[in-house]
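S.K.: Here it is, the structure, as C-alpha cells.
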Amino acid sequence: MCDESILDLDELNEECGVFGIYGHPDASQFTYYGLHALQHRGQESAGIVSTNRDKFHVHRGTGLVTEVFDNERIRKLKGNIAIGHVRYSTAGGTGIANAQPLVFNFAKGELAIATNGNLVNANRLRKELEETGSIFQTTTDTEVIAHLIARSQAPTLEEAVKEALGRVVGAYALLILTNDQLIAAEDPLGLRPFSMGVLGEAHVFSSETCAFDIIGADFWREVEPGEMIIIDQDGLRTSRFAPRAEGKICSFEYVYFARPDSNIGGINVHAARKRMGRVLAEESPVEADVVTGVPDSSTSAAIGFAEATGIPYELGLIKNRYVGRTFIQPSQELREQGVKMKLSAVRGVVEGKRVVMVDDSIVRGTTSRRIVNLLREAGATEVHVRISSPPVKNPCFYGIDTPTRDQLVASSMTVAEICEEIGADSLSFISTEGMVEAISGAAGGTKRGYCLACFTGHYPTAIEDEMAIGGKR
Ligand code: SF4
C-alpha cells in the first residue's frame, strides 16, 4: 500500500479493522492471520491483546501487521481469548499512543477495547469528561467509550457498556476484552460491517468475512445494528442497547473499501461491483475498443461493464505492488507524477485504441487526470471514463478519511467540468439509484438500507456542529 504523503494520491481510506476470538488455544495466532486479512483497512498500526484469564498480554506497534508481529511476539501473547486491531487514521492522529486495542484498569477490572469507525459526538463527550476529571491518554474516539464505561455506576460491565453506547453517536464495530469475557457491539445503524463466525468450538468476530476464510472459520451471521453479544464461560448471549432498525450499511464498503472476497449483508462484494459495472454500462454506454479497470478495486466493475457491452476487458493498467511505506521520498518532479510509481499503462493493450477506463470513484480528481494522461501517453486515441459510484460531494464522518468538502472536486464542479479537468473524452458516473440497485440486486441479499451521505449529503445521524462546518474534520 502506498504512502499517501509520498505519492500524493487521492484515494479514500478506511480507518480501521477489528478481529476477535473467544475459546481457542491459538487465539493470538488466529488474530494475527485475521488482522493480516484486514490489512487493507489500516496500515499505520496494529495491535493484539490476549488473556489467559489471569492477566492481559499486549503488543502494539506502528506499521504493517507483518512488521509489528513476529513468531516470538505472538508466542508471548498467551491465552484463549484475543482481540486485534489495524488502524489507518487522520482523525485522532497517528503514532503508537493511538494504536489499538487500548488497555485500561478500572473499578471492574482490566479492559481492552478496539473499534472500527468514528463517533460524531466524541468532541463534546471528551470535553464533558475532561471537565469532570477524566484524563485522556490518547486522542481516539475509542478512549471516549472507555471513559464512559469506567464512569458508569451500573452494577455489571455489560450494563456499563450499554450505558456508554447509549451516549455515543456514530459508526462503530466494537470489541471489548476482559479477563473472562469478549463483548462485541455494532452501532445502532450498522454503518460498519461486522460479522460473527465459528471455528470449531471458538467464536470469531471480524470487520470483514475475508478474515474467516483465511483461518478456516465458518460465517455464522452479522452482528445486528444495536446488538451487543457477550461470550464468557456461561456461553453466548445477546441483548440490545438500541431498538431494532433497518440499518444503514456504508455503501462505499461495496464500492471500494471491502475486499472483493468479503460478503456484507449476504452480498458478495465482487459480485456487487460487477453489477455496478453492468448498470453503469446500461446508463452510460459508449463506442470503444477496449475496457480496462483501475486496479485493484475497479477490476470487478470493469469486468461487469465489459460483459454488458461486449467490449473486451483487457489489463490496460498494471499496479506496481512494491511501492512500500519505506519508499524513498521522490523529488518534486517525480512527486507530481506519483501515479506512475503506482500504475503503468500497458502500451500493447491501449495503443491506437478507444479505451473505456472504469474507476470506482473520483475524490479530488488529481489521480483521474494522471491516469487519463498515462493512457494517452501509451497511445490511447480516446479515453472515456466511467465511475462506478455517484459523485462524492460530501465528507464522511463515520470512519472514512475523506478530504474536506472544498477539496472534493464534485462538490464544486459539474460532470462536464470534471471531464475537462481530468482531460477525458467523456465522463459518466453511475446514478445513486443504479448503485443501490446494483448492490442489493444479489441473489440472497438482505435488502438492507444504505448510508449514501457522501453522495447525497443526507447523513443518517445528527452531526455535531463543529464537524459539519465546511465539512471540516
Ligand atoms: S458517508 Fe459515505 S463513506 Fe461515510 S459511511 Fe456513509 S456511505 Fe460510507
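Numbering starts at 1 and runs along the chain as it is shown here.
Heads up, the Cβ atoms here are built off N, Cα and C, so glycines get one too.
The domain 'Glutamine amidotransferase type-2' annotation in TrEMBL covers 16-234. Taken from TrEMBL, the feature active site, nucleophile covers C16. What TrEMBL lists as [4Fe-4S] cluster binding site is C250, C396, C451, C454. What TrEMBL lists as Mg(2+) binding site is S297, D359, D360.
Could you tell me the structural context for the features on the list?
M.R.: C16 (active site, nucleophile): 27 other CB atoms within 10 A of its CB, across all protein chains.
Within 10 Å of the C-beta of C454 ([4Fe-4S] cluster binding site) we count 28 further C-beta atoms, all protein chains included. C454 ([4Fe-4S] cluster binding site) falls within a helical segment according to DSSP.
Neighbour density for S297 (Mg(2+) binding site): within 10 A of its CB lie 22 other CB atoms from the protein chains shown.
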S.K.: Checking proximity to ligand 1 here: which recorded positions out of C16, S297, D359, C396, C451, C454 have their Cβ closer than 6 Å to it?
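M.R.: So the answer is C396, C451, C454.
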S.K.: Which number gives the other C-beta atoms within 10 angstroms of the C-beta of D359 (Mg(2+) binding site), all protein chains shown included?
M.R.: 23
S.K.: Since the record lists C250, C396, C451 as binding-site residues, which of them has the fewest other Cβ atoms within 10 Å of its Cβ?
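M.R.: Lowest Cβ count within 10 Å among the binding-site residues (C250, C396, C451) is C396.
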S.K.: How big is the gap, in Å, between the Cα of C250 ([4Fe-4S] cluster binding site) and that of C16 (active site, nucleophile), rounded to a whole number?
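M.R.: Rounded to a whole number, the Cα-Cα distance is 14 Å.
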S.K.: Would you list the other residues of this chain near Mg(2+) - those whose C-beta lies within 8 angstroms of the C-beta centroid of S297, D359, D360 - in sequence order?
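M.R.: Apart from S297, D359, D360, the close residues are V255, Y256, G293, V294, S298, A301, V358, S361, I387, S388, S389.
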S.K.: Going by Cα-Cα distance, which of the recorded positions (C16, C396, C451, C454) sits nearest to D360 (Mg(2+) binding site)?
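M.R.: Nearest candidate: C454.
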S.K.: Which secondary structure state does DSSP assign to C16 (active site, nucleophile), in the simple three-class scheme?
M.R.: strand
S.K.: Let me know the model's mean pLDDT on the domain 'Glutamine amidotransferase type-2' (16-234).
M.R.: 94
